[in-house]
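Participant: Pulled from TrEMBL, these are the listed features:
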DOMAIN    B:68-257  domain 'ABC transmembrane type-1'
TRANSMEM  B:12-36  transmembrane segment
TRANSMEM  B:74-94  transmembrane segment
TRANSMEM  B:106-130  transmembrane segment
TRANSMEM  B:136-161  transmembrane segment
TRANSMEM  B:182-205  transmembrane segment
TRANSMEM  B:239-260  transmembrane segment
Amino acid sequence: MSALGHLSTPATVEPAPPPEGSERRRTAYLLLLPGGLWLILFFVVPLVSLIAASLYDPNGSIESGFSMTWSFHNYVDALADYARPFGRSLWYSLLTTAFCLLLGFPLAYAIAFKAGRWKNLMLALVIAPFFTSFLIRTLSWKLLLSDNGFVVDALKAVHILGSDGRLLATTAAVVTGLTYNFLPFMVLPLYASLEKIDHRLIEAGGDLYASAFTTFRTVTFPLAMPGVVAGTLLTFIPAAGDYINAQLLGTPKQRMIGNDIQRLFAAGAYPTAAALSVTLMAAITVLVLFYVRRAGTEDLV
Amino acid sequence: MTNIGRWIGRHLILFIGLLVLLYLFAPIFVVILMSFNAPKSKLSYQFDGFTLHNWTHPCQPFGLCDAVSTSLRIGLVATVIATALGTLMAFAMVRHRFRGRAATNLFIFLPMASPEIVLGSSLLALFVSGGLGGQLGFWTILIAHVMFCLSFVVVTVKARLSGMDTRLEQAAMDLYATEWQTFWRITFPLVFPGILAAALLSFSLSFDDFIITNLNAGRTVTFPMFVWGSAQRDIPPQINVVGTAMFLLALVLVLGGELARRRRASRAH
């Protein structure tokens, strides 16, 4: 499923545009129509109704219905009550993104430049774990990180973890799980970017007496930047909304905003939940726009 | 030992890469191991003993096989719809220039860039405000799955299409093939691997989705929802049987594809 690798890599070389003509243009709109309608009906309209729901009177219920108030009180109340899980979500996703980059870069680099004829196999191995349900894999981490498990014992043996230390039900466990779940989303775009680099540029760095590190810093990394941007976005965004890892590997102390949104929706508290959901989307959009502008890659899609 | 040390020193990045792969596979080993577990108690999280019982009685936990079959049905229908609609869109995006093309591109990308909890909750808000709150189930799950698979299909097929040499089609036209013949004899066979990849991706996304499904499922239970439910109570080892089977199936597909690719490549030379 190397297809995922193309998420981030827009087709830079596109065939020459076919001749313009009103008939061809009409064909294009006809081809877009069914899928476009589906996205409008079930992606755009829902977002609008989510925003509408965030302005409902919180005293309503599913049975008696909600009334529209047009007041922004839900936002004020929700932010007052849920500022901490909000901040925690953004912090955990930031950590997750950093760890994914730290782990994903060497792996993507190894596949692109060092794997030789094992390249395709290694790429397949990155995606293969994906097919076992991610809930089952996350549950497996519970066993891997358990108090008397192999990992904890090993970390205790080398004194990274104190004798009464534990991993399960800690921040470390939640971030480990998040990093694990979103790592392929970092590796694939990074690989796609690295693979396109002309190897002669890296050799030229060496020929000009740059150290391996300088070559990496001034040649390889900047050229891999589109992959870095796409990869960090593809890990940060889903991580910020995730609540599975916090639920299965953490305690209520590691609660993320997704846990609260899910819980409130399940309890039928739609207005508050909707307000939190809209705030999450807005916060992510602002952060992403800021980041993409700073990183200087507009051609993301 | 020094030999291994020297190999690691010389191939440091490859070594780190392999360690990261090991991290990706660690839970898979656990899933496979636990599929042969004979747990002593219902809430056991450790390996208590070896048995083949789970593999010979996969449907024993109440509701497990129903959930798997629900997921399979939703996955298949969602895949067919999303792949068909997405492929049409990909053709429009790559082969046609029209007003609003860049905006359309961004619009198609947006669902992929939204957190699942937002996608799921906004659909729920729509269904509830549309008075469908009581009718959540198979159809609402299906609608949601087609929605989030669509973008992935478009991106996947687009990648295949834009990498294609259009001269082959021009040649066919030069040889007096009609547009229809050109499409079915040249274009479609060349894009087909991309469409197949998109369909596989859709199916696995649909089969595995929990966050969006859980919000829009009502009383319907899909496989991930079954796993989630049992994680709160007891985890039947048969869940790991399903996980292992899925992994093996994917491995066969991936390795099969790779073999086919190598055969084609060697034939071409």
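Placement of Cβ uses the backbone N, Cα and C atoms for every residue, glycine included.
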Participant: Do any residues of this chain, six or more beyond the ends of the transmembrane segment (B:182-205), have a C-beta under 8 angstroms from a C-beta of it, and if so which?
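Facilitator: Residues packing against the transmembrane segment (B:182-205) from afar: 75-76, 78-79, 82-83, 86-87, 145, 148-149, 152-153, 156-157, 159-161, 164, 168-169, 172-173, 250, 253.
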Participant: State the non-local partners of the transmembrane segment (B:74-94) in its own chain: residues 6+ outside its ends, Cβ under 8 Å from one of its Cβ atoms.
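Facilitator: Residues 101, 104-105, 108, 138, 141-142, 145-146, 149-154, 156-158, 161-162, 191, 195, 198-199, 202-203, 206-207, 222 contact the transmembrane segment (B:74-94) from elsewhere in the chain.
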Participant: State the residues, same chain only, that lie 6 or more residues beyond the ends of the transmembrane segment (B:239-260) and have a CB under 8 A from a CB inside it; answer 'none' if no residue qualifies.
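Facilitator: Same-chain contacts beyond the flanks: 28, 31-32, 34-35, 37, 54-55, 58, 61, 64, 68, 200, 204, 207, 223, 226-227, 230.
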